[in-house]
Amino acid sequence: MIEGLSHMTFIVRDLERMTRILEGVFDAREVYASDTEQFSLSREKFFLIGDIWVAIMQGEKLAERSYNHIAFKIDDADFDRYAERVGKLGLDMRPPRPRVEGEGRSIYFYDDDNHMFELHTGTLTERLARKAKGLEAAQ
């Protein structure tokens, strides 16, 4: 039986740059760095973002960008503060996609290795309620 999400791993060219991104945007806390010891495929670091285990490993960046992404929940009151954090790190912030009212707001950005991240103010419950409301209006 699946118990939950174990971890996420991102392959990055520059471990130190990604460390600055994780700490600067997500308030990640570094809990392990392989440094010169290598027990895995390559040098790696582990972080906690809240209770989520995030691993980064040194390697080649993604060849191209896509809409595949990881979304982290943020409070709407913190939206502007997070947008400022992303901007200060010089990350490629993308325009938000069109949404209907009630679905929350999002900050989309790419890291230097073509991974897309989203900082989102909404929840699944809110999204489903909004979609149900839209279906009712259409009937």
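Using the three backbone atoms N, Cα and C, a Cβ is placed for every residue, glycine included.
The domain 'VOC' annotation in Swiss-Prot covers 4-122 and rests on sequence analysis.
Positions annotated as Mn(2+) binding site by Swiss-Prot: His7, His69, Glu118. For His7 (Mn(2+) binding site), other Cβ atoms within 10 Å of its Cβ number 10.
Just so you know, the Cβ of Glu44 (active site, proton acceptor) picks up 21 other Cβ atoms within 10 Å once every protein chain is counted. When secondary structure is read from DSSP and collapsed to three states, Glu44 (active site, proton acceptor) falls in the strand class. Per Swiss-Prot, active site, proton acceptor is recorded for Glu44, and the stated evidence type is a curator's inference.
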Review point. For the binding-site residues listed here, His69, Glu118, which shows the highest count of neighbouring CB atoms within 10 A?
Key: Glu118
Review point. Going by DSSP, is Glu118 (Mn(2+) binding site) part of a helix, a strand, or coil?
Key: strand
Point to revise | Reduced DSSP assignment, His7 (Mn(2+) binding site) | key: strand
